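The transmembrane segment annotation in TrEMBL covers A:12-31, A:37-59, A:66-84, A:96-119, A:126-143, A:175-194, A:215-244, A:250-270, A:277-294, A:300-322.
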Amino acid sequence: MDSRGLFSGSFSIKDVHPAILITAVFLVAYPSFATDFFIFQIGAYSLILGTIALSLMMLAGYGGMVSLAQLTVAGLAAYLMAILGDNSMGVMGLGWPWWLTVIVSVLGAALFSTFIGAVSVRTEGIYTIMITLAVAVAFFYFVRQNYVLFNGFTGFAGVEPPTLFGIYWRDPVPFYYLTLTVAVGFFGAVYYCARSTFGLALQAIRDNPRRMRALGFNVTLHRIVAYFFAGVIAGFAGVLLVWFNGRVSPGTIGVDVAIDILVIAVVGGLRHPVGPFLGAIAFVLLENFAIDLIDRERFNMVIGTAFLLVVLFSPDGLLGLWNRFRDKFRFRGNALLGDERVSKNDPTSTGSLEKN
Amino acid sequence: MGKLKHLLAATVALSLAGPAVAAAEDIKMGALATLEGAFTALGEDGLRGVKLALEEFDYMAGGKKIELITGSSDASPDSAIRAVRKLVEQDKVQLVIGPLSGSEGLAVKDYAKTQPNVTFLNGSSAAQDTTLRSPAENFFRFNTEGAQWMAGLGEYAYNEKGYRNVAVLAEDYSFPYTQVFGFLEPFCRLGGKSAIDARFWVPIGNKDYSSVIAALPDDVDAIFVALGGADAVNFLTQYEQSGGDLPLIGGSITVDQSVLGSKGKARSFVVGTPSAGPVSDTWDDPRWKEFVGAYQKAFPDGFPSPSLFAHAYYVNTKAALLALNEVNGDLSDGEKKFREALSKLSFETPTGMVSVDERRNAIADIFLTEVSEGPDGNLLNKTIKVIPQVNQTLGVSYDKFLEYGQVGRENPTCG
């Protein structure tokens, strides 16, 4: 949680913040006290959405590139799972073994993401959003119209995870741990990546691409590689998504859902990899329970208002809200340190829309 | 640490238990409809149907109070599954009414198979395979589906109107496929023709029909149009403007009130268009009139007359309530008795008698209508004929019907 120790290079168990331990214990113990509904539809689904948003957070937070096509990348992986593996629609379904299908789907998604990166990295800010939005919309209409490969409007159903080690991986508890493993793995990878040479170079490029170019860095290549890594993350999330839903259709990757992913990342906070997961939990809880709070015709207003309030009072999302809250109640010295860090990071915290 | 975990567990458990506090004796009914997205207005009308049925029974069935819990989807199968899963697994409803649209219905049927202790009644979804192929034991559909709705229209177009060769214009997804199949199957069996390359499939929400209009062949007698809502209005306006003069044949939602009520020249142009569907606005039967009266009284801000969505949700809800009355609200033993009662149920609806076949799909009356001009200049659908008790296999045996194959762009081939 604390980025001050980031660059020291040393790491010991004593540095682990108690909050991290509590969170870890909570996440592992969660299935022991939650109902199946909360394990599967709230827990696992939040983790999947969080992972997709994590790939966006990595691009936007560290690379300064807001891509609306991350869901499209995940969607391609989901479609590849249905096309190369098994489905119940009688279209495609080549029946490859599950491990090969997963590998090819994730790689396919990563290559697709690299391609999106290649066509969009020379643009900045709003133009990156426009290009990636165009890719997302084009892919949405393509899969809806294409019947030979993508089975058009209906899409695919009956896509199931394998039964492995005697466990059916779509049962709530195993599936929850599967998504948790993937999410935590990528969380750690992104966290580590931010401290690696590559990650530091990427953040420097975000802050001042011209200077980095003058220093001899290949700016374009760094950005494209970032898209590749983001594609791997989104691809895995796409595989989990199709296993979660058991199906994939154009509605899964519609523009409204792509914008949900952006909302999740922004509401959670783009400054730290935990942000997207916070955003995803808030989003999934609201999506499921807003309808119980208010008249059925107005429940989308509750969702919108909640997100509006978060963004209004904390431009860096739930994460920033928490930081502010913490800083207020800390010892004076610590508070000063915190403020200093917040202000140091501020230009990045509002995402990449602001150019430096 | 342990204490903290306990505390967390307690907090979570509390928050989980929050919304679902009700007397144990109440029966919980979930209703799933599209309350967001493009079909919001239709979903809301569907829920009006549910409420109308519940109010008729005073929210009581089998001596128990009915608690209604609403779920919302945006017409995509994913969202329907998420909403129905919340109703069943979180709110613990014992029966579900819904969903609204075709692909949702297929998805919910698959989900129903994983929840053998809950009974699902369809809302208004009308895809054929929801009940035709690999049906779920606990999924009932007391409304008819897209192919049934076309009953009698193919014969009428061939025999009465004298059409021999038709072009087809429809949206490119499962529901219009089902409608096209339902129309063409009898039409082609009688000797009519509809070439594959004279069938045009457009995406939902298509705005520009000029290329389709330009490509329409000259040698056809009529166009079968299965478009809904704004798509239908757009096509009719553009076809009229381009000087088109071919007569039309309408799908079940092509010439409904939302299209006929629109302003402009397209209105006069559709007079004489035959169509068929599960309801007819102007049927002068007392049962239907009573239903319309009750709807208008209960929902002054609803549509002028209940849509087929309100009707379908109403019929399915009423079936559930009647069956609950029959078993005295006994839902024990995996709701076995309740399902038996549902299977044997045969009851009077605003559109005639309804019962279900062995795959739990409705057998009901279908209305053949024709657009005509009312006394005050308004366009309305005049009831030509009531086709009694249409079943899902359209009169042939189940095995023979399966040989026709799955509905799609090229079924039937009809060359």
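Cβ coordinates come from backbone N, Cα and C, glycine included.
Bear in mind that the values here come from a model prediction, so they are computed numbers and not experimental data.
Distant neighbours of the transmembrane segment (A:277-294): 41-42, 45-47, 49-50, 53-54, 183, 187, 260, 263-269, 300-303, 306, 310, 317-319; these residues of the same chain sit at least 6 beyond its ends, with a Cβ under 8 Å from one of its Cβ atoms. Residues 49-50, 52-53, 56-57, 60-61, 66, 68-72, 74-75, 78, 133, 136-137, 139-140, 143-144, 152-153, 155, 241, 276-280, 282-283, 307, 310-311, 316-320, 348-351 of the same chain lie 6+ residues outside the transmembrane segment (A:250-270) yet bring a C-beta within less than 8 angstroms of a C-beta in it. Through the fold, the transmembrane segment (A:300-322) approaches residues 263, 266-272, 274-275, 278-279, 282, 286-287, 290, 293-294, 342, 349-350 of its own chain, all at least 6 residues removed from its boundaries and within a Cβ separation under 8 Å. A contact links the transmembrane segment (A:215-244) to the transmembrane segment (A:96-119), because at least 3 Cβ pairs that are 6 or more residues apart lie under 8 A. Touching of the transmembrane segment (A:37-59) and the transmembrane segment (A:126-143) is ruled out by the presence of fewer than three CB pairs under 8 A, sequence neighbours closer than 6 excluded. Residues 65, 67, 69-70, 72-74, 76-78, 80-81, 84-85, 131-132, 135, 161-162, 223-224, 226-232, 234-236, 238-239 of the same chain sit 6 or more residues outside the transmembrane segment (A:96-119) yet have a Cβ under 8 Å from a Cβ within it.
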